[in-house]
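> I am attaching a structure below and will ask some questions about it afterwards.
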Amino acid sequence: MAPRKNSSSVSVNDTEVEIALTQSKAVKEEVEEDAKEKESIRNLPIDRGWAWVVAFACMGNTAILVGYLMCNGILFVEFLRIFKSSTTSTTLIFGFTSIIFSISSFIVMQIILPRFQIRQIICTGGILISLGVLASMFAQNITMLIASQAIFLGIGQSMIMGVNIVAVSRYFDKRRAFALAISNSGVSIAALVFPALCRLLLDTYGLKGTLLIFTGIELHLVVFGLLIRPLELPHEKLSPSSSASNLTVETESKDTAAELIPRQISCSSEKSSKPIKSRPRSVIAEKKNGYHHVASDFDQDLCESELRPRLLTMTSFVGSIASIPIALVEEKKSRPKSTILKDIVSIFKSLDFSIWKRPLFILILLTSTFGVPIYLYIIYLPAILAEYNGDPADVPIFLMIIGSVDFVSRLALGYFADLKYVKLRTIMMLAISIAGINCHLMRFYTSYTSQFVCVTIFGIVCNIYGTFIAVYVTDLLGIESLPKAMSFLQIIHGAFLSAYHPIIGILKDTTGTYVSSYHFLGTSALLAAFFLLLQPVFQKIDQKTIIKPEIQEEI
């Protein structure tokens with residue numbers, strides 16, 4: 001008589017077959033979903049279409065925001081005359097604005113940007129800046145002016161400047177340098193239009209009337225902000241029968257059944273019935289040495305997907321871009337409402353300081369710290385020209401020359417940088433070196449002709465460093481590190497700029513001339529060029545810091 005088969009073994013074999021079929025079906029549907037996702041990625045407006053609208057919208061934001069900041073050089077003289085205060089006390093306006101800007105920038109880039117859309121942040125910043133300019137109308141002394149300018153303008157600027165850079169960087173890859181040049185060319189447009197407009201308004205309506213009109217102009221930041229649409233993959237509605245994306249695994253108390261279920265499908269052996277995402281997500285963890293390292297951790301991604309923002313699955317550039325928090329956290333309907341304390345804890349946990357371990361970030365930090373003060377030349381340019389007994393009517397003309405030359409220089413060098421004929425570091429190093437030397441020569445620019453040469457040189461080279469800093473950060477650290485890097489850079493910039501303004505004022509009050517202040521700016525610029533020269537050294541150190549942890553993990 002033939003032996004009877006054990007019923008338990010038959011049941012186990014049936015379970016294995018069923019699970020194998022389920023896995024096979026899931027893999028097939030996963031491949032189909034990957035194909036659909038790649039097609040969706042190709043449809044994203046990267047380097048084309050709406051991306052150019054975003055670039056020009058960011059240019060408009062830059063022009064309006066920087067336009068008022070450029071007018072601060074002209075308004076600075078008016079504030080000195082009306083309030084009859086010293087140069088040192090008046091420069092505190094810029095110092096306190098820089099402090100608040102730096103702190104707010106860190107909060108915006110690290111906490112607010114991952115949780116809100118870019119257009120929401122920019123529109124809010126535009127409203128705050130308008131309120132700050134409006135409040136300046138009613139200032140009765142320097143203290144009130146510092147409060148209105150520093151608080152509202154500092155916070156508002158932080159919600160636009162860094163966010164603008166991230167918006168353009170997300171929408172562009174191959175044409176990123178040129179797109180950022182377009183965005184930053186708003187500075188040139190501002191130099192062409194706003195100084196002359198400010199002078200005309202001051203002569204016609206006085207200081208208060210000028211500030212009122214600028215309030216309306218700054219509100220246009222909201223208009224341009226609305227044009228910056230979120231960059232995201234289309235979310236398709238899944239039918240209830242889609243078993244590959246919403247599997248229900250029922251685990252009974254039998255240990256054998258729990259063991260047979262693959263770890264890729266089961267996160268727990270408890271008796272439960274839970275919808276589990278069966279499809280692995282390839283997460284771009286970090287860009288090291290110019291290569292994207294992809295990690296597909298099935299268990300961790302499945303079990304923690306409810307606790308962190310969804311990162312879009314992309315390859316190549318798009319995969320790198322997806323590592324930037326797209327600010328659209330997919331909320332689960334079954335997720336319980338968090339308490340205020342838990343929300344605060346989650347906010348602090350979202351802060352990422354790991355970038356400080358990268359020597360290349362320290363290099364960027366050093367070059368930016370000493371390179372940023374060169375932008376202050378335009379704020380004090382009207383004051384030093386007045387010191388040389390120049391005609392006040394020449395100031396708007398010189399600023400327009402700077403703006404027109406700067407506009408052409410940005411676009412030309414941005415296009416040239418994308419061709420990769422010359423290293424970006426070389427372009428930045430030459431530009432900031434020439435700007436620093438030009439600052440040291442300010443004592444010789446006493447005639448109209450020499451001043452014309454001075455402002456032309458400034459227009460060509462002075463803003464090149466700031467135009468390419470985001471591209472430089474992306475090249476060294478990867479675009480996924482751009483928001484984190486910019487958040488720390490802006491807080492450091494603000495901290496140092498808050499000290500630079502009083503130093504410039506003290507040097508002027510001590511020596512009786514702004515020439516010493518420009519020597520300070522020139523020396524700082526040359527130090528920035530020196531640190532750019534040390535990039536190969538920092539790259540070698542950075543590679544060692546990356547290789548060591550990888551070797552330890554293998555061991």
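Placement of Cβ uses the backbone N, Cα and C atoms for every residue, glycine included.
Just so you know, TrEMBL annotations never went through curation; they're auto-generated.
So TrEMBL has the following annotated:
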- 50-80: transmembrane segment (TRANSMEM)
- 92-112: transmembrane segment (TRANSMEM)
- 118-139: transmembrane segment (TRANSMEM)
- 151-172: transmembrane segment (TRANSMEM)
- 178-202: transmembrane segment (TRANSMEM)
- 209-228: transmembrane segment (TRANSMEM)
- 360-385: transmembrane segment (TRANSMEM)
- 397-417: transmembrane segment (TRANSMEM)
- 450-473: transmembrane segment (TRANSMEM)
- 485-506: transmembrane segment (TRANSMEM)
- 518-538: transmembrane segment (TRANSMEM)
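I'd like to know what surrounds each of these features in this structure.
Sequence-remote contacts of a segment are chain residues at least 6 beyond its ends whose Cβ falls under 8 Å from one of its Cβ atoms, and for the transmembrane segment (50-80) they are 87, 90, 93-94, 122, 126, 129, 133, 142, 145, 157, 160-161, 164, 167-168, 171-172, 179, 182-187, 189-191, 193-195, 198-199, 202, 207, 210, 214, 217-218, 220-221, 223-225, 227-229, 378-383, 386, 395, 399.
Listed by sequence, the residues of this chain that lie at least six past the ends of the transmembrane segment (92-112) yet keep a Cβ under 8 A from its Cβ atoms are 72, 79, 121, 142, 145-146, 149-151, 153-155, 157-159, 161-163, 166, 347, 350-352, 379, 483-484, 486-488, 490-495, 497-499, 501-502.
Under 8 Å from some Cβ of the transmembrane segment (118-139) lie the Cβ atoms of residues 61, 65, 68, 108, 112, 145, 147-149, 151-153, 155-160, 163-164, 166-167, 208, 211-212, 214-216, 218-222, 224-230, 327, all in the same chain and six or more residues away from its ends.
Same-chain residues lying 6 or more positions outside the transmembrane segment (178-202) and placing a CB less than 8 Å from one of its CB atoms are 51-52, 55-56, 58-68, 70-71, 73-75, 78, 164-165, 168-169, 171-172, 209-210, 213-214, 378, 393, 395-396, 399-400, 402-404, 406-407, 410-411, 413-415, 417-418, 459, 463, 466-468, 470-471.
Using a Cβ-Cβ cut-off under 8 Å and counting only residues 6 or more beyond its ends in the same chain, the transmembrane segment (450-473) has close neighbours at 165, 168-169, 176-177, 180-181, 184, 187-188, 191, 364, 368, 371-372, 374-375, 377-378, 381, 385, 388, 390, 394, 398-399, 401-406, 409-410, 413-414, 417, 424-425, 427-428, 430-432, 434-435, 438, 441-442, 444, 481-482, 485-486, 489, 528.
Long-range contacts of the transmembrane segment (485-506) within its own chain (CB-CB distance under 8 A, at least 6 residues past either end) are made by residues 86-88, 90-92, 94-96, 98-103, 105-106, 108-110, 158, 161-162, 165-166, 355-356, 361, 364-365, 368-369, 372-373, 376, 380, 469-470, 473, 477, 514, 517, 520-521.
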> Pairs 6 or more apart in sequence, C-beta under 8 angstroms, 3 or more of them: is that satisfied by the transmembrane segment (360-385) and the transmembrane segment (151-172)?
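By the criterion, they do not touch.
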> For the transmembrane segment (151-172), could you work out the same-chain residues 6 or more beyond its ends whose Cβ comes under 8 Å from its Cβ atoms?
45-47, 50-51, 54-55, 58, 61-62, 65, 96-102, 104-105, 107-109, 112-113, 118, 121-122, 124-129, 131-133, 135, 179-180, 183, 221, 225, 228, 231, 321, 324, 470, 474, 479, 482-483, 486-487, 490
> Counting only residues 6+ away from its ends, which parts of the chain sit with a Cβ under 8 Å from the transmembrane segment (518-538)?
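Same-chain contacts beyond the ends: 359-360, 362-363, 366-371, 373-374, 376-377, 380, 384, 425, 428-429, 432-433, 435-440, 442, 465, 503-504, 507.
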